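Asks: First, the structure itself, so that you have it in front of you.
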Amino acid sequence: MCDFNDSGLASQQVFSMVLHIMTAIELPIHLFGGFVILFRTPAKMTSVKWSMSSLLDITTCFLVIPYTIFPIPGGVPLGILSLLNVHSMVQGFILVICGALTGISILAFFENRCNSMKYGPYSQSKKTKVIRYLYLTINYSMAFGFMIPVYLQLPSKRESEIYAIKTIPCLPSKIYKNDKFFVASTNISFIFSLVGGLTVLVTVQILYQVIYSVIELRNRTKKLSRVTSTLQKRFSIALYVQVAIPMIAYLFPMLYVFSTWAFDILSQTCNNMVFICIALHGLLSTLTMISVHKPYRETLKIFLPTCERMRKRSKVSGVRDIYLSAII
């Protein structure tokens with residue numbers, strides 16, 4: 001039985017309002033995160049500086065605001081780009097590319113960590129660097145190009161309306177008759193294979209990089225003192241946290257999207273929650289980055305009132321962090 005509910009969080013108005021509120025909260029945090037990344041990143045972390053981005057948050061919450069009607073691979077964009085009369089197809093392309101680049105940026109971060117484990121942060125040969133850059137270039141090229149086949153065979157406006165009505169008979173006409181209504185493809189299997197294939201490929205690579213780094217850390221811990229071993233374990237926990245946050249805030253919503261395509265699930269509230277969760281990804285990543293890296297925590301303390309005890313504790317932990325960074 002088809003029942004399209006567009007009240008409460010499922011409505012366009014409430015969904016837009018929630019994302020606008022999130023933008024107001026996230027923007028100052030992202031600006032601070034950008035500041036510390038640009039001006040407080042140590043030399044040993046320079047190569048991963050640009051892997052940390054909150055572009056997906058801004059695109060989702062402000063630029064596009066995708067009111068997507070899963071299981072239809074399309075919907076109505078409600079963001080500032082629509083007010084600027086940017087074509088819905090272009091907005092969809094921007095959103096998908098930002099999502100793909102977010103996954104690749106997470107991969108690039110852990111790939112850098114894995115290479116540091118293998119060769120050390122400063123001892124990579126020219127051949128190793130060439131292979132690494134080629135590897136990253138291939139992955140970033142996939143992020144930009146994996147949806148090109150879809151956009152080469154876009155359905156017409158009329159075809160999109162017929163497909164939407166056939167798939168969701170109870171869909172209100174105010175949605176599919178909207179000038180901004182957009183369907184990426186009427187072939188779900190085609191979309192499923194492209195998006196699912198890239199998601200699985202990137203996830204497998206991330207898991208490999210993480211598992212290798214953790215195993216290498218444990219092997220090194222056996223040869224180190226108790227103090228150093230404890231520091232290594234703390235570092236491992238930070239690594240687990242940095243993996244868990246993007247997996248929860250980014251991968252799980254994607255799994256829900258795939259389930260809507262596979263089982264024809266219709267829940268507009270859940271559809272909107274998908275993008276709310278994805279929009280939280282950058283915020284959670286920024287907060288995690290600041291909390292687990294000492295240079296960023298130190299910068300934060302400049303802007304927040306701190307007591308003398310915290311400053312003393314920071315000096316002691318600073319010596320330990322230097323010692324740990326020299327090891328890993």
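Think of each number as a place in line: the chain as shown, counted from 1.
Each Cβ is built from the backbone N, Cα and C atoms, and glycine gets one as well.
Take a look at what TrEMBL says about it:
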type	residues	note
TRANSMEM	14-38	transmembrane segment
TRANSMEM	50-70	transmembrane segment
TRANSMEM	90-110	transmembrane segment
TRANSMEM	130-152	transmembrane segment
TRANSMEM	190-215	transmembrane segment
TRANSMEM	235-253	transmembrane segment
TRANSMEM	273-292	transmembrane segment
Asks: Are there 3 or more C-beta pairs under 8 Å linking the transmembrane segment (50-70) with the transmembrane segment (273-292), counting only pairs at least 6 apart in sequence?
Replies: yes
Asks: Decide whether the stretches the transmembrane segment (190-215) and the transmembrane segment (90-110) have at least 3 CB pairs under 8 angstroms, with pairs required to be 6 or more apart in sequence.
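Replies: These two segments touch.
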Asks: Count the CB pairs under 8 A between the transmembrane segment (14-38) and each of 50-70, 90-110, 130-152, then give me the winner.
Replies: 50-70
